[in-house]
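Participant: To start, I am sharing the structure in question, which I have written as structure tokens.
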Amino acid sequence: MEQIESSNKPGPTAAHETTIPKSEHTTKTTVSSHIDDDATIPKGQIDPVFEAKARVLNRAIQDIGMGWYQWQLFIVVGFGWASDNLWPIVTSLIFTPVANEFHPSRPPLLSLSQNIGLLAGAIFWGFGCDIFGRKLAFTLTLGVTAIFGMAAAGAPNFAGIGCFAALWSFGVGGNLPVDSAIFLEFLPASHQYLLTILSIDWALAQLIATLIAWPLLGNLTCEQEDAVCKKGDNMGWRYFVITMGGLTLLMFLVRFLCFTIFESPKYLMGKGNDEEAVRVVHEVARRNGKTSSLTVVDLKACEPAGYVHKTNVVADAVKRRLEDVKFDRVKTLFSTRRLALSTGMIMAVWAFIGLGYPLYNAFIPYIQAIKGAEFGDGSTYLTYRNSLIIAAIGVPGALLGGYLVELPRLGRKGTLSLSTILTGVFLYCSTTALNSAALLGWQCAFNFCSNIMYAVLYSFTPELFPTPERGTGNALTATCNRIFGIMAPIIAMFADLRTSAPVYTSGALFIFSGLLVLALPFESRGKAAL
């Protein structure tokens, strides 16, 4: 199987964009390049030869169009999206039975372990894949997750399950940074909306996890948190993590054995291997039943006289990553008023959502059990049945998000803002529930809107940074999200989950984030990344 790599993280191009005519549906599409006059991005931040060649490759991919190869890629990349939501949901679903069995003094430490692993994984895989290759990261992230997920079933105590949660999350943390880059590298600009639709896998993962959890955790776990809970009476969560690990292992094997995914043409071109980059483009065209007119001469024409490409790939990769973390590259993202406003606000949105979502969502089954007990119907079986219903409602939300982002008067900003605000509003409404049915209804509305929110957020964010600083911008937003995610279980340890305090806090964070989105200066609908 050929190696998968991408020359850069997925990211928006406020400064370097290509407009795709909406009436254009032919195979041969002309992509006109332009600079956004409203976003004055300092030049000289990227190798001009690389940038010129990247434009040539982008036109070639657009000319090929969306075909069989990209649809295959859509499937296998979706495994990464699924894993990104599947395992945090696993942690949420086993939270109560694990706490019942081991009686830890601070149960939220399990979620804290998970979030620390996610942060470490995002840093390691996101930066390391430029050194040891995307192919290795693309396959190993799922493999690492599967192995430690299944091993977690043998955890002898709370510390053990916490360590395994951190280890499987280390694998999960690398999925989106690597997978989204691979997908965008081969995605024609006219089909960029598919990055939003890809979040359907995120919603389906939650549905599958809760569907399996309902019989296992609903029937094979201890009922009361203050009762003596023996291992033999609480095997449901162990069977559950083994099953989820096996499912992830299956996704790993499908990726590794059943699909041939080519090296990114941009990555090959960045290594100076123009011939191989052209060969990959032609092979993708062949698999799509098309032909490409791209030649090596087209790429060489971008080089000035006497141009010599450096061939020390590993050294160059390390150097690029070191350059990405230099303050100068961060400074560029704040070099103009509009760009600084955009960068700062999208970082804040990711941070607040990174705190608000796990603060509530990670403890939904626990909150359901507590509230259900107050309403007189808080059995474990009903708790996980309700979790399944909530998960099912989220699936159409991801699909709706892909439609709404293309509406002229709504676009990315409007859809993201509205769905985020409504997510917070429905959380507040859930505190008014007087019975389990009402609580379930409000939580379904919350999950529907939050799935729209995440579908748009994952696709909109990569469209807000200029190409040269894309890796830096993505790193900043991801870091904000993971760091604030770590804060969520810490807050939960000192807040009373039996009250509505975490819900009020989470709702306020969502509403504030939605209002921040409205102030973002850029709208990327109808424009494609360079």
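Cβ atoms are placed via backbone N, Cα and C, with glycine included.
Below are the features I grabbed from TrEMBL:
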- 1-10: compositional bias 'Polar residues' (COMPBIAS)
- 1-40: region 'Disordered' (REGION)
- 73-95: transmembrane segment (TRANSMEM)
- 73-525: domain 'Major facilitator superfamily (MFS) profile' (DOMAIN)
- 115-133: transmembrane segment (TRANSMEM)
- 140-159: transmembrane segment (TRANSMEM)
- 165-187: transmembrane segment (TRANSMEM)
- 194-217: transmembrane segment (TRANSMEM)
- 237-262: transmembrane segment (TRANSMEM)
- 339-360: transmembrane segment (TRANSMEM)
- 384-404: transmembrane segment (TRANSMEM)
- 416-434: transmembrane segment (TRANSMEM)
- 440-461: transmembrane segment (TRANSMEM)
- 473-495: transmembrane segment (TRANSMEM)
- 501-522: transmembrane segment (TRANSMEM)
Participant: Assess whether the transmembrane segment (384-404) lies in contact with the transmembrane segment (237-262), where contact requires at least three Cβ pairs under 8 Å among residues 6 or more apart in sequence.
Facilitator: no
Participant: Determine whether the transmembrane segment (473-495) and the transmembrane segment (339-360) share at least three Cβ pairs under 8 Å, counting only pairs 6 or more apart in sequence.
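Facilitator: The answer is yes, given that the two segments have at least 3 Cβ pairs within the 8 Å cut-off.
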Participant: Return yes if the transmembrane segment (194-217) and the transmembrane segment (440-461) have at least 3 CB pairs under 8 Å (sequence gap of 6 or more), otherwise no.
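Facilitator: By the criterion, they touch.
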Participant: Out of 165-187, 237-262, 501-522, which stretch touches the transmembrane segment (140-159) the most, going by CB pairs under 8 Å?
Facilitator: 237-262
Participant: Under 8 angstroms for C-beta pairs, at least 3 of them, ignoring pairs fewer than 6 apart in sequence. Is the transmembrane segment (339-360) in contact with the transmembrane segment (165-187) by that rule?
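Facilitator: Output no: the transmembrane segment (339-360) is apart from the transmembrane segment (165-187).
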Participant: Any idea what the model's mean pLDDT is for the domain 'Major facilitator superfamily (MFS) profile' (73-525)?
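Facilitator: Over the domain 'Major facilitator superfamily (MFS) profile' (73-525), the predicted model scores a mean pLDDT of 82.
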